[in-house]
Amino acid sequence: MKSCIFCDVIAGKLPRTVIFQDTDVIVIKDMYPQAQVHLLVIPKKHISELVEVEDALLTKLFQTIKMIIKQEHIANYRIVNNGKGTAIIDHVHIHILGSVSKHRNL
């Protein structure tokens, strides 16, 4: 496997601002935010494609998203995943974008 920026972030090799983490998931602030609030929910296990994520982990990812939205009081949010061929980083991650206008294209 070639080098993965998210695997390096998870390993602590690159700077990041951690909002939450447990044994399976890490939530960090995006280094190049596209909204007032821009968080990334990332499984710690390297998985390239959302459709490859086991159901239990997928459930945990969305439970984490729900918890973070409540805990951080994120309003006007969008949840985004870029699939195969559109994702810049080949490691599953889900964006939480907060304080987003419904008219803004992201």
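Including glycine, each Cβ sits where the backbone N, Cα and C put it.
Per TrEMBL, the features are as follows:
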- His93: active site, tele-AMP-histidine intermediate (ACT_SITE)
- 5-106: domain 'HIT' (DOMAIN)
- 91-95: motif 'Histidine triad motif' (MOTIF)
Same-chain residues at least 6 beyond the ends of the motif 'Histidine triad motif' (91-95) whose Cβ lies under 8 Å from its Cβ atoms: 4-7, 30, 34, 38-43, 46-50, 52-53, 61, 65, 78-81
For the motif 'Histidine triad motif' (91-95), residues assigned helix / strand / coil by DSSP: 0 helix, 2 strand, 3 coil
Arithmetic mean of per-residue pLDDT over the domain 'HIT' (5-106): 93
The domain 'HIT' (5-106), counted residue by residue under DSSP: helix, strand, coil: 26 helix, 24 strand, 52 coil
